[in-house]
Structures are given as structure tokens and as C-alpha cells.
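Working notes for the structure below.
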Protein chains: 2
Amino acid sequence: METVSENKCFGGVQGVYKHSSAATGGEMTFGLFLPEEAEETPVPLLWYLSGLTCTHENAMVKAGAQAWAAEQGIALAFPDTSPRGPGVADDDAYDLGQGAGFYVNATQTPWAPHFRMWDYVADELPKLITRNFAVDEERQSITGHSMGGHGALTLAMGLPGRFRSVSAFAPICHPTAGDWGRKQLSAYLGADETTWARHDATLMLREVGLEIPLLVDQGSDDQFIDLLMPEALAEAVAKRRVPATLRLQKGYDHSYFFVSTFIEDHIAFHAEALYA
Amino acid sequence: METVSENKCFGGVQGVYKHSSAATGGEMTFGLFLPEEAEETPVPLLWYLSGLTCTHENAMVKAGAQAWAAEQGIALAFPDTSPRGPGVADDDAYDLGQGAGFYVNATQTPWAPHFRMWDYVADELPKLITRNFAVDEERQSITGHSMGGHGALTLAMGLPGRFRSVSAFAPICHPTAGDWGRKQLSAYLGADETTWARHDATLMLREVGLEIPLLVDQGSDDQFIDLLMPEALAEAVAKRRVPATLRLQKGYDHSYFFVSTFIEDHIAFHAEALYA
């Protein structure tokens with residue numbers, strides 16, 4: 001593992017690190033914020049999964065999350081959204097290939113060898129971080145934005161016991177039913193839709209439910225709301241009687257201005273679970 | 001004036017606007033955050049001047065200022081750092097020409113026709129903003145980062161009575177004596193150094209002093225600290241007996257991670273003056 005940069009930030013350190021990834025068969029970059037408390041003792045870890053077109057950097061510089069993570073004594077992990085580089089398959093569209101890993105393990109050509117973001121985020125990167133930094137692997141929570149909200153929800157339900165709480169900003173709620181999902185799941189996983197189900201938060205919620213606290217914020221003026229389908233998640237939450245807080249925020253859109261507005265609430269929500 | 005974008009943010013609106021500028025003879029873009037209170041009544045305005053290479057956008061997305069401006073009911077203006085476009089002179093260096101206006105009115109070829117950032121920020125843009133938005137022109141304060149800190153300090157001293165308070169993050173303190181300054185002032189203003197003096201915060205402080213509250217933060221691990229010369233400003237402040245708070249922050253560098261860490265303090269500092 002190689003240190004790309006470390007900047008002091010809110011009393012802690014915002015680092016960027018590179019490493020050779022077995023899961024994706026190439027070099028991966030991630031951001032990690034460690035609060036001051038990590039100098040003394042392992043701290044809880046909140047994962048932030050990003051959306052389409054993002055790298056590890058977008059949320060790290062735009063979401064304003066470090067202020068509140070420092071206040072709560074929580075570390076923040078910012079993974080990339082896909083494998084990258086000249087040897088990695090890509091597509092001209094912004095929503096397929098590099099920058100659009102969708103947090104699945106691809107089984108189809110040409111994506112299969114590198115696009116294994118589920119394994120990377122579920123397994124390899126947590127091990128790397130908990131072994132190399134002062135974070136407590138027993139206290140992890142997860143959040144994300146848009147495609148990253150989809151990732152946060154499906155990882156939380158697919159890895160029961162791993163996380164203490166889950167939240168999302170404008171998540172893709174029902175990817176098997178919409179254009180942000182069907183295109184990518186068919187490309188990465190193939191035509192057999194039974195393999196898609198565990199990557200659909202609405203279907204997972206109906207099927208397996210959720211045992212940890214859930215918070216979702218969605219802007220009412222989100223330009224992508226028809227692709228996100230918050231109504232599908234809301235219905236599944238209500239039907240399954242999942243304890244959850246789903247908030248529709250009047251006038252907010254899909255941007256980081258929306259995320260930064262509500263990130264304080266999300267980090268406070270996770271802190272309650274992580275310090276319970 | 002044309003609206004480029006408006007995003008709801010912390011209950012207010014983060015806007016980006018374009019307009020034809022008489023001062024710079026071309027099109028200029030700026031960001032303006034209006035807190036929710038501006039729907040009802042004109043609010044105080046804090047100017048944020050940015051550093052080398054920045055546009056209106058960097059601080060707007062990276063500094064995390066809106067959270068605290070919303071809390072205090074203060075508007076934020078984010079001007080660009082220079083004129084731009086194909087008809088505007090430029091230089092291959094990052095620290096001269098486009099992105100490096102230095103908040104002066106150039107008198108020298110090829111800069112003179114467009115590089116009039118002093119007039120733009122001191123005169124044209126304040127008029128445009130106070131006429132078109134619910135901001136109170138009697139309650140203005142100013143801050144900035146690096147080259148923008150230089151701009152904030154020299155504007156505050158060059159326009160007595162305009163601002164109620166001034167602050168800066170890692171400002172260029174003594175440009176007539178260092179490489180971040182001599183190069184640009186000679187290019188824009190020519191060889192006669194008497195014309196440079198009013199664009200040097202240390203010289204201005206010695207000469208005219210400062211009647212409003214001053215707060216400066218400087219990181220001890222700033223990679224550019226030798227170019228910034230905080231010691232020159234500190235000496236002038238002490239000699240002139242200017243009421244000021246100069247803080248050296250241990251371990252912080254020149255990045256936005258440093259700015260975002262202390263922006264809450266700066267906005268609270270300005271709010272005290274703006275609501276006095």
C-alpha cells in the first residue's frame with residue numbers, strides 16, 4: 001500500500017492510498033479519514049459509497065463529511081466506484097464501465113476479470129483498512145449516494161451482521177426495474193435476472209428484510225427521481241414493517257449540495273448505532 | 001445576467017450566474033449562496049476570494065462554507081480569480097494570467113484590457129449582487145485563501161468603510177517581497193514598484209493600518225509558507241498595534257482540508273461583526 005497524500009483535517013488526517021487489488025486485478029485508490037481519536041484507539045468506521053462517474057475523491061472533497069465524523073470520532077472510507085486504467089474494459093456511456101461498477105461481481109465479457117466491486121468493497125478493502133489503520137472492524141456502518149446508495153443498501157442486506165446501521169442519499173432503489181440498473185445488471189451479470197435480485201434493494205428488502213436502523217434522504221426536485229424509484233423502497237419498507245426513516249426533502253436535487261446539507265444527520269444517525 | 005445553476009443547499013440556494021462585465025471586458029461567472037432568510041429580508045454578505053488556479057467553483061464546492069453561512073443567515077459571494085476565455089491574454093505558468101488575476105487593475109501589455117480584477121471585485125460585482133439579490137450592501141465582510149487572502153486584506157485596507165471585518169486563510173502577506181507577488185505585480189503593473197504598494201497587505205498595514213477586526217489562520221505545515229510570509233504580516237500587526245487574531249495551526253497545510261477545518265470559526269467571526 002502506498003500513501004498518495006495525507007492532509008490534516010478537522011484535527012484528524014484525510015489520507016489517500018493506492019494498493020494492488022486481488023479482487024479487481026489492478027491498482028485501486030481510496031480515501032480514508034481518521035479522526036484525532038484514532039491516534040489513541042481504534043475508532044468506528046463509516047463507509048461512503050459514491051455514485052456514477054465518481055472516483056474516491058468526489059465525496060471526500062465535496063460532501064463536508066469530515067467535520068461531523070471528527071465531531072463523532074468516526075473514520076470515513078471512500079472507495080472508488082470501479083476498477084480503472086488502460087487494461088480495464090470501458091464503455092463510452094457515463095453509466096457503464098469505469099466509474100460505474102454498480103457494486104457487483106461481473107460474470108460477463110468483457111467485464112468479468114476486473115469488475116468485482118462487490119468483493120472489493122465487501123471483503124478486500126475492509127480487511128486492508130482494518131489491518132493497516134486504527135479502525136474497529138466490529139463497529140462498521142455504511143452509507144452512499146445514488147449508485148452508492150444502492151451499494152450501501154445491498155451490501156447491508158447481503159452481509160447481515162456486518163454493519164450496525166445503513167443510510168443512503170437518493171439511492172437507486174429498484175435497479176432491476178429501471179434504466180439505472182437493467183442496462184448495467186444485464187451487461188455485468190447477463191440475461192438471467194435471478195442473478196440480479198440480490199443487487200436490488202427493494203427486492204432484497206421484500207425477501208430478507210433488514211435488522212439494522214435505516215435512514216434515507218431523497219430530494220423532491222431530484223432530476224433523476226424517476227430512475228431512482230424511492231416509491232418502490234418506501235412500499236417495501238412499509239410492507240415488511242422495517243424500522244426506518246425515509247425522508248423526502250423539499251426542493252433538493254441530486255447534487256452534492258443536497259448530500260452536504262444532510263450529511264450531519266446521517267453521521268449522527270450512524271454514531272448512535274456505532275456507539276450504542 | 002444569466003442563471004447557470006441553482007441548487008438548494010442548507011435551506012438556501014447555491015446559485016451560479018454569468019454576466020457581461022464592463023470591468024474585465026468579457027463574460028464573468030460567479031457563485032452566490034443565499035441563506036433561507038434572504039427570501040424574507042436582505043442579509044449580510046461575506047466575500048470569499050479564491051487563490052491561484054481557482055475559478056468561482058473551488059471554494060463553493062470544497063470549503064464547506066454554506067453550512068455555517070446558513071446557520072448565521074449570511075450570503076456568500078464566490079467571484080472568479082481572473083477574466084477568462086479565448087480573447088483573454090494568458091501565460092503557460094499557473095501563477096500568471098488566467099486563474100491568477102491577483103486582484104489588481106493591470107496597466108501593462110498584454111494584460112491591461114481585461115485584467116481589472118480590483119475594479120471587478122471592489123466595484124462592479126458588489127453593485128451587480130446588491131441590485132439583483134436580497135443582500136444588504138451596508139453589511140459586507142471579506143475573506144479569502146492564499147492569493148484570495150491577499151485580495152481580502154488589500155481590499156479591506158484599500159476600501160475603508162466598506163467591510164465590517166476581514167479574515168484570511170494562508171494569505172500572501174507581503175507580495176512585493178516574494179516570488180508570489182513580484183512576478184505578477186511587475187507583469188501587471190510594470191517596473192515602478194511605488195504602484196505595487198497598495199497591493200501588499202504588509203505595506204498597507206504599516207502605512208494605513210486597519211480599523212476593522214482581523215482574523216488570519218495559517219497552517220504550520222503549509223508547503224508554500226515561505227512564499228506567504230506570515231511573519232511579515234505578524235510584525236506589521238504588532239508594530240501598528242492592530243487588534244487582530246493571528247493563529248498558526250499546527251500540522252495543517254495549504255489545502256481546502258485546512259480551509260474547511262477553520263471556515264466555521266471565520267464565519268462566526270464575521271457574523272459577530274455583521275450582526276453587531
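Using N, Cα and C of the backbone, Cβ positions are placed for all residues, glycine too.
Residues or ranges marked as active site, charge relay system by TrEMBL: A:Ser146 (among others). Taking a C-beta cut-off of under 8 Å and a sequence gap of six or more, A:Ser146 (active site, charge relay system) has these contacts in its own chain: A:Ser50, A:Gly51, A:Leu52, A:Phe169, A:Ala170, A:Pro171, A:Ile172, A:Phe224, A:Leu228, A:His254.
The active site, charge relay system annotation in TrEMBL covers A:Asp222 (among others). When secondary structure is read from DSSP and collapsed to three states, A:Asp222 (active site, charge relay system) falls in the coil class.
TrEMBL lists A:His254 (among others) with the feature active site, charge relay system.
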| said: Counting across all protein chains present, how many other Cβ atoms fall within 10 Å of the Cβ of A:His254 (active site, charge relay system)? | reply: 22
| query | Long-range same-chain neighbours of A:Asp222 (active site, charge relay system), Cβ under 8 Å, sequence gap at least 6? | reply | A:Ala170, A:Leu228, A:Tyr252, A:Asp253, A:His254, A:Phe258
